[in-house]
Amino acid sequence: MSGLVRTEPLPGETPLLVPGDPYSVVVLLQGYAEPEGVGDAVRADGSVTLVLPQAWGPASSHREPQPYEAKTALEEAARGPILVDTAGPWAREALLGALAGQGVAPGDVTLVVGTHGHSDHIGNLGLFPGAALLVSHDFCLPGGRYLPHGLGEERPLRLGPGLEVWATPGHGGQRDVSVLVAGTALGTVMVVGDVFERDGDEGSWQALSEDPVAQKHSRKRILGTADVVVPGHGAPFRVIREASAPETEPARSRDGEEPTVHG
């Protein structure tokens with residue numbers, strides 16, 4: 001059965017909370033990209049999203065792992081607040097204020113995921129020296145101990161129940177990643193960096209992509225899985241998949257992706 005994919009803006013202002021069990025998602029800062037002046041100048045910054053374990057409390061991030069807990073290094077790093085992207089260094093105070101508004105101090109963050117290596121997405125890594133880092137495909141523990149992990153397009157990284165990191169190449173090359181959070185009040189939320197710049201970007205994302213073929217595939221995978229997408233430079237949006245009647249010819253979207261209608 002074929003189907004149409006429709007997207008529509010998710011109402012609400014930042015910080016935007018999507019409660020869930022065992023993880024909630026909080027969009028702390030909404031990214032933007034706006035032309036400025038003449039020529040091709042753009043003022044931009046990336047979205048910042050917090051993933052909070054339901055059982056987290058300020059003391060729990062610093063507890064010692066129990067002997068019976070068989071966890072990977074990544075799963076242990078995800079025991080506390082997880083930050084997905086950090087915006088640019090010019091957003092330092094806004095980021096600290098947004099975290100404080102959720103009762104989270106920089107030292108509480110146990111894992112920072114950088115979706116890709118652009119300055120408007122990982123410009124504040126220095127605020128979190130005590131956190132493990134997963135930037136693109138590089139995973140390191142505090143102090144610079146790098147560990148292998150095996151992430152691939154057909155092999156997501158499991159951080160916890162319903163919490164995964166996906167390889168979603170394209171925009172920044174072959175090493176972009178996205179974070180999937182299942183079990184929220186709105187279904188599956190995916191924080192995707194610049195795989196989607198914003199809702200309704202079909203006519204513009206290709207010009208910013210290092211590998212449009214790979215990114216097109218990543219976008220299709222995300223649209224086939226997510227109920228809510230947090231893009232890199234715009235407001236979160238819902239993804240609504242609708243079954244369609246049998247057709248003599250397949251529906252086509254404007255850019256050849258999963259057929260999409262924007263609400």
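Quick reminder: no glycine exception, Cβ is built from N, Cα and C everywhere.
Residues or ranges marked as Zn(2+) 1 binding site by Swiss-Prot on the basis of similarity to another entry: H116, H118, H171, D194. In sequence order, I122, S136, H171, G172, G173, R175, D176, V177, G193, D194 constitute the residues six or more apart from H116 (Zn(2+) 1 binding site) in its chain with CB-CB distances below 8 Å.
Residues or ranges marked as Zn(2+) 2 binding site in Swiss-Prot (evidence: similarity to another entry): D120, H121, D194, H233. For H233 (Zn(2+) 2 binding site), the count of additional Cβ atoms within 10 Å of its Cβ stands at 23 [all protein chains shown].
The compositional bias 'Basic and acidic residues' annotation in Swiss-Prot covers 249-263.
Swiss-Prot lists 242-263 with the feature region 'Disordered'.
Compute the center of the Cβ atoms of D120, H121, D194, H233, which mark the site for Zn(2+) 2; besides them, the chain residues with Cβ within 8 Å of that center are G31, A33, A44, D45, G46, S47, D85, T115, H116, H118, G193, E197, G232. Looking only at other Cβ atoms within 10 Å, the busiest spot among the binding-site residues D120, D194 turns out to be D194. Taking the centre of the Cβ atoms of H116, H118, H171, D194 as the Zn(2+) 1 site, the nearby residues of that chain (Cβ within 8 Å, site residues left out) are T115, G117, H121, G172, D176, G193, V195, G232.
On the backbone, the CA of H118 (Zn(2+) 1 binding site) and the CA of H233 (Zn(2+) 2 binding site) stand 13 Å apart.
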